[in-house]
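Copied from TrEMBL, the annotated features are:
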type     : residues                       : note
SIGNAL   : 1-22                           : signal peptide
DISULFID : Cys32-Cys49                    : disulfide bond
DOMAIN   : 63-217                         : domain 'Cupin type-1'
BINDING  : His111, His113, Glu118, His163 : Mn(2+) binding site
Amino acid sequence: MALKFFVLIIAILAVVTSISHAYDPSPLQDFCVAVNDSMTTVFVNGKVCKDPKIVTADDFFKSGLNVAGNTSNNVGSAVTMVNVNNLPGLNTLGISLVRIDYAPYGLNPPHTHPRGAEILTVLEGTLYAGFVLSNPGPNMKNKLFTKILHPGDVFVFPIGLIHFQFNVGKTKAVAFAGLSSQNPGVITIANAVFGSDPPINDDILAKAFQVDKKIVDYLQSQF
């Protein structure tokens with residue numbers, strides 16, 4: 001009985017430890033303002049800390065989110081990021097923020113954040129938003145969850161899952177989103193698959209997508 005209890009405790013500790021390492025580590029001090037020093041020989045999971053004696057309020061401040069992003073591009077959207085790379089006070093705090101602007105019928109294309117969940121709220125316009133679950137069992141399709149979002153609505157995208165937002169209105173749209181990492185990362189699916197450097201072999205993509213290689217070559221030429 002004692003052995004079974006011991007094994008159970010070890011199993012629980014293993015699960016808790018694995019979960020805790022799936023997200024940004026908790027800070028061990030009041031703050032750790034990031035230092036962008038390319039010459040440093042110290043590597044940490046995050047950024048090297050600035051000396052607290054020389055930290056100022058500016059290290060925790062950033063302006064500019066009132067300015068709309070330029071949506072004059074192929075997808076008609078612009079993402080303005082606030083993360084540890086441009087707001088050093090976020091280092092070790094496990095959060096970041098984005099502003100997303102959409103032209104009429106603009107798209108924030110299918111993408112994933114490998115290191116953070118996302119919670120999004122609409123300020124202006126109407127968005128069609130959704131995410132796809134990870135691979136299910138054999139002979140089953142990935143389930144899609146979608147909602148039409150209006151100003152004041154909130155939608156959550158779980159960590160690591162492919163998601164998107166599409167402006168279904170004839171006017172511009174604006175949304176803000178918080179993410180559960182100081183640097184959640186982003187992988188835009190189409191860009192990563194068809195625009196990698198060097199490119200993925202077209203035989204591989206043709207077989208994966210079950211299409212002719214000419215279609216793959218055309219898609220790769222677009223990125």
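Including glycine, each Cβ sits where the backbone N, Cα and C put it.
TrEMBL does not curate its annotations; it predicts them automatically.
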_Which one is it: of the binding-site residues His111, His113, His163, which Cβ has the fewest other Cβ atoms within 10 Å in this structure?_
His111
*Mind telling me which of the disulfide-bonded residues Cys32, Cys49 has the densest Cβ neighbourhood, counting other Cβ atoms within 10 Å?*
Cys32
*Do you know offhand how many angstrom separate Glu118 (Mn(2+) binding site) and Cys32 (disulfide bond) by C-alpha?*
23
*Could you check which of the binding-site residues (His111, His113, His163) sits closest to Cys49 (disulfide bond), going Cα to Cα?*
His113
_Validating a neighbour-count step here. Other CB atoms within 10 A of the CB of Glu118 (Mn(2+) binding site): how many?_
22
*List, in sequence order, the residues of the same chain other than His111, His113, Glu118, His163 whose Cβ lies within 8 Å of the centroid of the Cβ atoms of the recorded Mn(2+) site.*
Thr112, Phe131, Phe157, Leu161, Ile162, Pro184, Val186
*asked:* Can you tell me the CA-to-CA distance separating His113 (Mn(2+) binding site) and Cys32 (disulfide bond), as a whole number of Å?
replied: 23
*Any idea what the Cα distance is from Cys32 (disulfide bond) over to His111 (Mn(2+) binding site), rounded to a whole Å?*
30
*What is the average pLDDT across the domain 'Cupin type-1' (63-217)?*
96
